[in-house]
Structures are given as C-alpha cells and as structure tokens.
Amino acid sequence: MPKQRQNKSKIRWSKLYSFSCVRPGVVEAASIEQLGGPGFSRIVFCNQPYLHQTKPLIYPDNSISTTKYNIISFLPKALFEQFRRVANLYFLLTACLSTTPLAPFTPASIIAPFVFVLGLSLAKEAVEDWQRFRQDLKVNSQVVKYHRGNGVFDTKTWRKLCVGDVVKVEKDEYFPSDLLLLSSSYGDGLSYVETVNLDGETNLKPKRCLEATLPLDQDTEFSHFTASIRCEDPNPNLYSFVGNLDFEGQLYALNAEQVLLRDSKLRNTGYVYGVVIFSGSDTKVVQNSTRSPSKRSHIEKKMDHVIYLLFAILVLISLVSSIGCSLYTKFEMTDWWYLQPDVGDASFDPQKPELTGASQMITSLMLYGYLIPISLYISIEVVRVLQAILINQDMQMYNEETGSAAEARTSNLNEELGQVEMILSDKTGTLTSNQMEFVKCSIAGVSYGCAVSEVDIAASRRFRADMKKFTFDSQGSVCLSQSFDISGFPDSDDKAHNTGQSEEGFKSEEADATVENDSKHVQLRNGYKIKGFNFNDDRLLCGKWINNSCVFDIAMFFRVLALCHTGIPVQDEETGAIKYEAESPEEVAFLIASQEFGFKFCKRTQSVLVLREFIPFSGQETKREYKLLNLLEFSSSRKRMSIIIKDDEGNIFLLCKGADSIIFERLANDGKQYEQATRAHLSDYAEDGLRTLAFAYRRLELAEYDEWNSLFLKAKTTIGPEREHLLESASEMMETKLTLLGAAAVEDKLQKGVPECIDKLAHAGLKIWLLTGDKMETAINVGFACSLLRRDMKQFHLNLKIVDKSEVLEKVLKDDLLLQIEDAYQATSLESGRDTPFALIVEGKALELALQNDVKHQFLRLAVNCASVICCRISPKQKALVARLVKEHTSMITLAIGDGANDVGMIQEADIGVGISGMEGMQAVMASDFSLPQFRFLERLLIVHGHWCYKRISKMICYFFYKNITFGLTFFYYEVYTSFSGEILYDDWYMVLFNVILTSLPVISLGVLEQDVSSDVCLQVN
C-alpha cells in the first residue's frame, strides 16, 4: 500500500512531456534476426557485466582522458611539436655544434637561452595538460550507485563502471555514461534531463522508459533482472538511437527517448535506474569531441617566410665569410709569422684553405645566428595571451541582460581580426534575437493581424511611406491596428481605410504603445500585449471568431497550434502560472497564441494531451483530452512534423505543420480550397520579413490507421541502415491527402544595434554576406531592415525557374545560370568606376549549381565585386562550402559568425569563427575562435581590438627582426676587419641577456599596450 500511494503521488507530478508515439510495439521474440551488419552489431547484457570480459564483447572502460600527453609520451610528442618550427631546428643544430672546437661562443651561452625558451614552451604545454589531467581525474573519481547483486546497490567510481552495469542516478546528478532508462521516481517512467553540457540548451528535455520496465522502480526489483540489448555501434549522433530490448521473451524497439547521455544532468526527478550501454570513449559526448581545425594567422605565415629569408641571408653571409677566410688563409696569412702558419690545425691550415673555409662556414652559421630571433615565438605567445585577456575584460562588449561577455577562445588569431575583409553571417539568432512573436495568420483564406514589424518600419523609412490605420470588427470595422501602404509592399488583405496619418504620427503613437518585453501583461488599447504574442485583430481575439462562417476551420487551426508540437507545460511553483518550454522559440510562440485564442495547452501525461478549449456553440470553456497515438518528428530534411491523435468522440486526426512548399505538395484535391489565398498571404508575410509555417490536417478511418500503424511499428523495430528509409516511407504514406487550414507568421526581432553595426562595418570596407535558410523575400526585407541592403545599391538576382527535372536537363539550368552570372558581371564591370554599390541575391537551388566546380569560379568573381551578398534557402553544408570557396579562392581573410549547430561547419571553415552565445545552444560557441553575446559587439571586436592587435603584433615582429638583424650584422662588419677569423665582438652572456631579456620585455610591453589611436578614433569610420 505505501508503494501504491507513492506511485500515485509521483504520477500527479508528472505533468511534462510523454509521447505515446515512442511507446514501442511488441514483437514476438521468435522474429528476432541476427544483426551483425556494419554499424549495428553491439550487444549488451543487462545486469550481467561479467559477460563483457571476453571477446568479442569487450568494451572500453568508463574512464575518459582529454590530455594530449602521458608520462611516457610527453617529451617525444611535445618536442616534436616544438621542432616543427624551422627556427627551433636551427637552434638545436647550433646548440649541438657549440660543443665542438669550431664554436665561436662557449657552449653554455648558446645552449642556455635555447633551453630557456624551449623550456618555457614545454612548461606551457605541461601546465595546460596537467590542468586537463586534473579535470579528468576529478570526473573519473566521481561515484555512482550500482547494482552489486541480490538487489543491493553500492557505490563505485565512474572509471570502474562497465557496460551492462545497472546504476541509480539521483536528482541533480550527472549521468556517468550513456544509459538506457529503465524506470524513474515517477510512476509513469518520466524523467527530465538538462543537456546544457552537450548542446548548451537550458530547457529540460523529457525522457520516458519502456512500459515493460516500469515495475523496476525499487532496488530489490533488480535481484533477478536480466535482459539483452542489440543496438547501433558507437557514433557521435546525439539525437538518434536505434536498438531493440529483449526482455522476458519479447522484443521492444528503442529510440533516443529512452537514452540518457553522459554529462547531462537529472533534473526535477527523484532518481532513475538505467543500464550502461556505452562507456568511456564509446559515449556520444566523447565521440563528438573532435578537435577543431588548426588555424594559423596570416602574419604568422608571413613571419615564417621572413625567417626563411633570414636563413638565406645567414647562409649567404656565412658563405661570404667562408670564402673570405679561405682567400685570407691562402694568400695573406702565410706571411703572418705570429700565427705560426707552419703548425696547421683543422680550423687554420694554409696548405688546405678549402678545409679552413668549410670549418669557417660552420663557425659563421653559429656566429651570425643572432639574425634569427630566438625569443620571438615565445614572446608572441605571451603577447597574444595578454591581448586575449584585454579582450575578455572589455566591459564595452559585456551584455548586462545575459550577464555574458566577449571571449577570445583562442589567442592565435588576435591580429587576424584587424585584417578581415569579408564577413559571412547567419540570420536567425545572429542578426535577430531568436525570440519569436506571433504576429499574423491566414485561416481559411483570410489574413488576420496587422502588427507592424521592424521590416515594415524600415521599409516606411526607406520609401517615406505614410502609415495607415485599420479598423476591424467581426465584420471588419472595429479593431484599431496599424499597417502601411508603400510601393513594393502589398497591403494586408483586410479592408483598409486611409486616415492620412503620417509616419511621424505613427512613431509617436508607436512610442506610446511600447511595452517592456519582459512584462507579463501590459494594457494596450483594448487588449493585452503579451511576451511572444504581438497579434492585434479583434476578429479573432476575445472569442469573436465564433461568429465567423468558417468556425470549424478556425477551431481546427487553433487545435493544430495547441497540439502539434513538442512543448512542455511547466507550472511556476510560486505564481501557479503555466509557461512553455519547447525545442524551438516558434513552438513557444504558437502555444502562447493558441492560449490567447482560447485553446490552452495545460497538461501532458503518458499518452494524453489536455487542452482547455473554448467551445464555439456554447461560448463556454471546457477541458478536452486527446489521445496521442503517434508522432512523426521534425527534421531538416522532412521540414515538417505531424501527430496522430484520437479525440473523446473516437475521431482520429493527423495534424501537420511545416514549410509551405512541403505542405502544399501533399494536399488532397479537395483540400486545396484555400491554397491560392494562402500562397498570396505567405508572400505578403515573407515581404514583411516574417517566418511562416503552413498548417493542415487529415481525418483518418480506424481501419486505415490500424493498417498503417502496423507498418510504422515494424519500421521502428527494424535495426539496420534501412530503418530510416522505412520510417520515412511510412511517414510519406500517412502525410498525404491533407486539407489546408492556413498559415502562421512569427517575427524574429532584430538584435539591438545590428543596423548600426552593419552600416559601420560596410563603411569600413568590409563585404558582408548573409547566409540564411529563409525565403528570398524574407531575406531581402531583413537585409533592408538591418542596413545590409540600401536603396542606392543595384541588385542582381540569381535564381532558377522551378521546373520538373525530367523535362529540363541540369546542363540547361547551368547554362542559364552562367548567362545570368556573366550578364551581372558585365554590368558590375561597366559601372565599377562610378562607385555604385552592388548587391547579389542568390536563391538556394541556384547556389547549389553555383558551387559546382565548373561554375564556382565565375560565381565567385561576381560575388566578390558586390558589397553585399544574400544567399537564401541555404543548407548548413552549403554554408560551409561557401566559406571554403571564399577562403581557398580569394586572398580575403574571412570571418564567419553564427549561433546554432547549423553554423558550425561555416565557423570552422572560415579563417576566423565567431559564435553568438544566444538561444540555440552553445555548439557554435564551442566551435568558434571568439564568442560574443550579441552581433553588435562585432563592430568593436574588429574595428577597435582588431586594429590594435594587428598594429601591436606587426610593430612587435618588425622590431624583433630589426633589432636582431642590426645586432647580427655587427658581427659581419667586425669579421671584415678581423680577416674573417671568427672572432666575437661582444661578451657571450651580454649577448644572451641582450637578445632574450633586455630587448624582449620592452617589445612585449609594446605588443600588449601600444595604442596608435584611441578606440573613439577607431570607431570614427567615414
């Protein structure tokens, strides 16, 4: 009885997300097939780790190591890294030769500075690696509870965990390895996980165990527990898992919803039980820990060339000294009796002047060695680290809202910031805030909502348009809202009446209506402005939509908003208010909007979604439950998501939302009633710079659903490379014959200071490319809003006609694209002397062809002539290809800036990668060289710190070479007057102190603190 009461209490608190669609189907054990295929061969025996001590079931232990060296490998590997520098090889050679009689200096004066500089570099490597070792030791020494046997749990360190161990993880603890969730403190098997260490996302992610393992919720339940898992091999994919659980004679499909990843944390859950499936180096987080590509600054590369030149000068003057010594020995020194020419030795033999010249050559190579600055490398490393500290501590790049500051994640590229010529930027979350507001929607062929977006305001300023007032009621004449009418920007489909209000009047009114974004409710005219909801149209608000003739379609549209998502309702413990957490900010905006329209999503259990709906006919609010049957997840390739639900009347519906191009091609013949009007509205929304999604549904018969569900479950329980194809085929079968309901539009606000920053960078001569997955119309209008495009720019558009590939060959499309590129290039050439700025807008399909080998050079030739380039409908892979194209085929130093995982490839390909610590996790930041809280700080990073670092490093390097060349050549001048005898001019230790210490410290100070101009002067770009 106590146990039953406990479970009931747990279920009561289980309000978060639980998909029945991930509830696996049961397949008879007799149907199990041998895996053994490539990539799907792992077998785990649960609660039987001793079975993994023999081949082929031996797996790595659970310890991890992020160090570069160990006790044995440190010296050889670290020395190898140091002697990859040619200068160090030279100093090693001179140190060896200093022990011979040919050395002009004492061995200690040559070896000591070399060992000192080399020792500093090795010490730096050792300290950094020691810190990594201590961190690894701390992690590996953490303890976790594991099943020792007979239902008894004991503790042991993470490093001693084995595959197959059953572990118990308690609230706020990290998972020690990749686990299969068996049960949790909640009676329905839910647990909530924070994955901030994996992807930087702070929102909680729900995990749900199999129903078959729900009874395993007490320690004693594991005394006789055994099972086997057959699953995929170790891989770096964080968001997928394929496997089967063989338990009690039945086979259950497993997916990512049952997997708890190492380094994620258990939150809002008392405890969970899990079995280790991947340990140590096999875990997904370790599989993802690939090294970022090595980047060297252009100055460092040029410095290598200068050192090669100095080597050439060193060899040349040594050769001159050798020849001079040979000539003096043969023709002059025989008469110098005090040299005892009759007593020859290896370094002075008048009978063999050639041998004397050869020995003098070796002596000269050591004598003139001060031409090469031995302390240059270590001095530059010190200066770069100190410069990075100054960048990190710049309070003018600190964002008070988030409490984050700029960070130089690597110090090797500081001076590159001052040489950037091209910027490749993402849009969403980089230029925009990635905080969505629901502003407009199209339902049943009618457009609703008249909020003015930032793009609208920017457009009105460009064209000096007069702002209009619109009034509506349910018949179109009550609600007060704002819109505008300008050339090139269509009016709303709603009936408009011009009141003649000027833009200045609008600005005043807009200022009066401004509200703080973080306010919960602020009175605005007759309604409320709510965070995430900037919709203003009384035809839908306050329940007035029930008077519409299309009330069924409107209600169905709101249900799709409220049900088709992956959001989690979370109740605030203090205020009792519900807030939503979801995988994307668009879903949060949709949930808030559905709530305001009378469809409040309030609860989620194992297989039930609960809404509080506004009933049109009664005008009352009622609670309705929908059984969640299946979820067809969103992916970048599918560009849509669907759920299948059953209402309380037994009706089965498929609810679908996705990109309009994907939804429209899946409509039934009788479901296209609103397609034409919706297309027009979507075009208008795109021109307003809004992000859009289309919504549709399909009614299913029970027999039809049962037949499809059997195929879907079979696909889910398939293990192997064909699984994804089978799931996609099953989804395609269901996501057809849809009925269009409409579309929704959300606005992603520009970040503060973005237009001013882009304008300043453009005036500084930097070329800026915008790489976005948005539609062309949206990208163009956002380009105008953020000053990337200007009215004085001449625009060129590269696009392809949408045609059936079976009718038009790729060669024809490519020839057409080449013709467009050539025409645009000729136009830029003709007007190049008129200071006319150009802008290039490239559509995604055209870019795909433009990146091919036989087109990319012509495309790049055109693109680099343009001040701004916008690439639309671009994939993450294409972003990386564009960055690689610019970097490899131009001499421009390229900077890529983004905030999401889809920007990682671009960031790593560019010469400099900058990550925005925004709303889409920290993957971009973790892959970047520099991180910024907001895009606007890029102005100061490049124009101020970039200028200073470039000037400082340049002056420092020039001074190093100057003082070493000047100092080294005095030996050569002295040799001329001493008959190339190899005599030294200065005391050995004076030269050591002069070169390594006395003349290094002032230069280091110069490299850290020099300011040729102040920051204010730097920012005064004309």
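Cβ coordinates are placed from backbone N, Cα and C, and glycine is handled just like the others.
Per TrEMBL, domain 'P-type ATPase N-terminal' is recorded for 44-110. Positions annotated as transmembrane segment by TrEMBL: 306-329, 365-386, 960-977, 989-1009. TrEMBL lists ASP426, THR428, ASP899, ASP903 with the feature Mg(2+) binding site. Marked as ATP binding site by TrEMBL: ASP426, LYS427, THR428, GLU587, PHE634, LYS657, ARG691, THR772, GLY773, ASP774, ARG873, LYS879, ASN902, ASP903. Positions annotated as active site, 4-aspartylphosphate intermediate by TrEMBL: ASP426. What TrEMBL lists as region 'Disordered' is 491-517. For 925-1021, the entry in TrEMBL reads domain 'P-type ATPase C-terminal'.
Everything TrEMBL records as a feature, shown here on the structure.
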residue : record              : Cβ neighbours (10 Å)
ASP426  : Mg(2+) binding site : 28
THR428  : Mg(2+) binding site : 24
PHE634  : ATP binding site    : 19
ARG691  : ATP binding site    : 21
GLY773  : ATP binding site    : 23
ARG873  : ATP binding site    : 21
ASP899  : Mg(2+) binding site : 33
ASN902  : ATP binding site    : 23
ASP903  : Mg(2+) binding site : 32
Study note, to complete from the structure: Whole-number mean pLDDT, the domain 'P-type ATPase N-terminal' (44-110), equals 83
Check your understanding: Given pairs 6 or more apart, does the transmembrane segment (306-329) have at least three Cβ pairs under 8 Å with the transmembrane segment (989-1009)?
Key -> no
Revision key, fill the gap. Its residues classified by DSSP, the domain 'P-type ATPase N-terminal' (44-110) shows 30 helix, 3 strand, 34 coil
Practice item. Sort the residues of the domain 'P-type ATPase C-terminal' (925-1021) into helix, strand and coil with DSSP and give the three counts. Key: 69 helix, 3 strand, 25 coil
Revision key, fill the gap. Close to GLY773 (ATP binding site), taking Cα pairs within 10 Å and only the binding-site residues ASP426, ASP899, ASP903, are ASP426
Review point. Could you give the maximum C-alpha to C-alpha distance in Å for the residues ASP426, LYS427, THR428, GLU587, PHE634, LYS657, ARG691, THR772, GLY773, ASP774, ARG873, LYS879, ASN902, ASP903 that bind ATP per the record?
Key: 26
**Study point:** ARG873 (ATP binding site) versus ASP903 (Mg(2+) binding site) - Cα distance in angstrom
**Key:** 14
Study note, to complete from the structure: Looking only at the binding-site residues ASP426, THR428, ASP899, ARG691 (ATP binding site) has its closest CA neighbour at THR428
Practice item. Using C-alpha positions only, work out which of the binding-site residues PHE634, ARG873, ASN902 is nearest to ASP426 (Mg(2+) binding site). Key: ASN902
Point to revise | Alpha-carbon spacing, THR428 (Mg(2+) binding site) to PHE634 (ATP binding site), which is rounded to whole Å | key: 18
